[in-house]
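Take a look at the structure below.
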């Protein structure tokens, strides 16, 4: 199965698959072995984990059991709170150990939440050092605003080596307006932008204004393709056409196949893309990291 990837612009020789399987949300704190193994068998090659999800061991077990060569997989984990007496490197080495992922390196290591680190700039320097050591092939941040990004790299970064390779934030039509400042920052500096919770409009707010737009688009795409296209796929196409990496999760084989099929779907029209954005701007919903609602507007 071919995998659609997004280039990291020479920061690494490996592209990041545009569709990823996440081991958070419903799998948080649970054994993810079978779910992750099912995702790999379905064709996922991008696996998104985190120290905070408390299931790295099961993700590692799934990778080992799958038999897929390591170089064919993109594995992400994210930094949790650094325990007293330890440093960032200690936590990543523990994640990579035989007791957890059992890997020699991760493809991407993210700071999960800037609020957890009072000295986030120092934490970022430690993360960059781990990239130099080869324990993380690429590095980045998650749940960061522009203000936090400027804290770690300065207001006008001139050295590209200090920039994150990837920014992963909650992103969907109901948060796009609030998240556009970070999106523009990523574009300006050549940083890959990844989204989680991208299906929020239909999964959590099915009666919202976006629903009717994606339903009409799903109907049109179904007619063009000659087979059903779901509203969830439409939302993922909306993200993909913006060059955004999509992280999703499901225990259902049919849903996993839907996610993987998204890169093969016909494109949305400019009018459909704009309509989804316009309707999304009519409401604001943030599902995760709600502390960000108290941050100054950007």
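Heads up, the Cβ atoms here are built off N, Cα and C, so glycines get one too.
Annotated features, as they stand in TrEMBL:
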type: DOMAIN; residues: 31-277; note: domain 'NADP-dependent oxidoreductase'
type: ACT_SITE; residues: 53; note: active site, proton donor
type: SITE; residues: 78; note: site 'Lowers pKa of active site Tyr'
type: BINDING; residues: 112; note: substrate binding site
With every protein chain in view, what's the tally of Cβ atoms within 10 Å of the Cβ of residue 112 (substrate binding site), excluding that atom itself?
23
Three states by DSSP: which one describes residue 53 (active site, proton donor)?
helix
In the predicted model, what is the mean pLDDT computed over the domain 'NADP-dependent oxidoreductase' (31-277)?
96
